[in-house]
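Below is one structure, written out as structure tokens; comments come after it.
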Amino acid sequence: MFCVYALSCALTDFSYHIFFFRPGSEVAPRAVSTRIVSGIWWFFTLIMISSYTANLAAFLTIDRLDTTIESVEDLAKQTDVHYGTLEGGSSKQFFEDSDVPTYKKMANFMQSTTPSVYVSSSREAVQRVLKENYAYLGESTSIDYQVQRNCQLMQVGGLLDSKGYGIATPRGSPYRDMISEKILFLQERQEISKLYTKWWKEKAANKCDNESKGKQNANELGLQNVGGVFVVLMAGVVAGTIMAIFEFLWKSWRNSRIDKPY
């Protein structure tokens, strides 16, 4: 903060001096009941603050442990995690034919890495991902199918390319137009989407939460974690109330004895 006038600076310093060196209050609970309630309240506050601080520290620690690979660009920037594709598959051809510098760099890395990072089947790819420091690059449909059936797997990043599947027919085949019309008809009625949901998700052996997969979360502070503190607080309030009633009755009886000694 810059001061324009010396007087304003002096007043500001003086106000800070008053604020920081303000004398404390001499008011303190004197009765036993108020002391019990005050002590229990401070104990409750201390435990709650300590629990929140510990939970926050755990959350920040877990957040730092989250994976740093969120896209294919992150994968290309490092060499600790090896990555590969299906040997002779369309994904391998995609990287080798691509003119994108990142994809060319990844293709060169896969070709020069030993032992080979290419796999012969999706089953082998899953085993390498589970047992090694390895990432598999493949068709999204195949990867999604495996992810839905194994909760230890996770799909990272978006699509690198978009291609559709087609049904090959001989040149001039009369079935081509008929098949195309039926496929469009099924798409319009959402039948293909329903089939995908049925065979990819509903038929999966394991039901995995895709939103939380691959993410570690700190446990929330629920009532079962801090319920004991609330019990102690309520017990202290009840004890303070009983003590206050006892003190009131005792003081009333004592005053009556003083006013009427006989």
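Note that Cβ sites are derived from N, Cα and C of the backbone, with glycine treated the same way.
Please treat TrEMBL annotations as automatic predictions, because they have not gone through curation.
Keep in mind it's a predicted model, so treat the numbers as computed, not measured.
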Given TrEMBL lists Ser90, Ser91 for L-glutamate, the same-site residue among Glu132, Glu139, Glu181: Glu139
CB-centroid shell, 8 A cutoff, L-glutamate site Ser90, Ser91, Glu139, site residues removed: Thr85, Leu86, Gly89, Lys92, Gln93, Phe94, Gly138, Ser142
Number of Cβ atoms other than its own within 10 Å, given for Glu139 (L-glutamate binding site): 19
Sparsest-packed of the listed binding-site residues (Ser90, Ser91) - C-beta count within 10 angstroms: Ser90
Beyond the flanks of the transmembrane segment (226-250) by 6 or more, those residues with Cβ under 8 Å of it: 31-34, 36-37, 39-41, 43-44, 47-48, 51
